[in-house]
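What TrEMBL records for 59-313 is domain 'Nucleoside phosphorylase'. Residues annotated as phosphate binding site in TrEMBL: 66, 97, 117, 118, 119, 149, 253. Among the features that TrEMBL reports, purine D-ribonucleoside binding site is placed at 234, 276.
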Ligand SMILES: O=P(O)(O)O[C@H]1O[C@H](CO)[C@@H](O)[C@H]1O
Ligand SMILES: Nc1nc2[nH]cnc2c(=O)[nH]1
């Protein structure tokens, strides 16, 4: 039996070589297999698990953006569950995202807040980024508030402005990546859902009215959010392109959550905090950085909290 062969003066042992080849191939095969999205039943288990950890039964969910998690801290009578305690749930890895699910009362209404979201640049496929929204659906959520930190593409905006989202442009979506890619689970929604009305117009009107009441008019805007992949911020040429396409603000999140929510019939209110102006000029000094993003979040946090709380207070139901 041939146990080895020669390459020049070297003797190559056959069995170990064969073993290494099989091991390498199986690793390659394993790596090339995309992680399967969880089934409806798997998502039901996550939802059931969460409901065993709290007496609260919310119909309203809030996803807090970078530096905007303070809203969850003002939730009363709260039960907070770390993401790492939740079976088959992703982890938050980004500074400014605590990684907790907070159940309790906000403005007298039962809510659940995600203090920390997931982003594609953390290495998560879009279905995983959007997984919490499906968990929410199975918990009975009917209305989703999404917030994010974003850079202003619109030069008439200022740092600290709150932009009500009226629409989005998804660069990953246009390039073929979407939270709904893959097998469609009909129990959540249709294969081809419409998203032209993704951002609920009545909730936007409510935000405008409450913004007026609170004296926020001078820093309230309305516009189109552009989702990019990140984690690098945009080049000057990219910012010019996104502005030409009709974007008012740019960030690396939110859209997968919104698409998953609309797919399963949850109504959505979206809001961006303008944490920085994007760099549009080759002579500009300075660049964008995440510390600046978190700092602006802190400065405007209370106003965002007031707006969201007052809106939630006016929603029907408990
Ligand atoms: O969208 P959120 O989570 O608010 O965070 C925004 O801020 C981070 C960049 O500073 C990116 O994650 C961007 O998407
Ligand atoms: N992509 C992107 N995300 C952000 N999040 C906060 N600011 C920015 C920005 O300027 N660009």
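Each residue, glycine too, has its Cβ placed from N, Cα and C.
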Check: At the level of the C-alpha atoms, what whole-angstrom distance separates residue 118 (phosphate binding site) and residue 234 (purine D-ribonucleoside binding site)?
Finding: 20
Margin query: Running a distance check here. Ligand 1 versus the binding-site residues 66, 97, 118, 234, 276: which have CB less than 6 Å from one of its atoms?
Written below: 66
Notebook entry, point to check: Which residues, in sequence order, are found in the same chain with Cβ within 8 Å of the centroid defined by the Cβ atoms of 66, 97, 117, 118, 119, 149, 253 at the phosphate site, excluding those residues themselves?
Noted result: 65, 92, 94, 96, 116, 148, 252
Notebook entry, point to check: For the phosphate binding residues given in the record (66, 97, 117, 118, 119, 149, 253), what is the largest pairwise C-alpha separation in angstrom?
Noted result: 14
Notebook entry, point to check: Looking only at Cβ atoms, how many others are within 10 Å of the one on residue 276 (purine D-ribonucleoside binding site)?
Noted result: 20
Notebook entry, point to check: Same-chain residues six or more away whose CB lies under 8 A from the CB of residue 234 (purine D-ribonucleoside binding site)?
Noted result: 151, 228, 242, 250, 278, 279
Next item on the list: Would you mind sorting out which binding-site residues among 97, 117, 118, 119, 253 put a C-beta under 6 angstroms from ligand 2?
Entry: none
Check: Over the domain 'Nucleoside phosphorylase' (59-313), what does the predicted model average in pLDDT?
Finding: 96
Checklist line | Between residue 119 (phosphate binding site) and residue 276 (purine D-ribonucleoside binding site), the C-alpha gap once rounded to whole angstrom | finding: 19
Next item on the list: Compute the C-alpha separation of residue 276 (purine D-ribonucleoside binding site) from residue 66 (phosphate binding site), stating it in Å without decimals.
Entry: 13
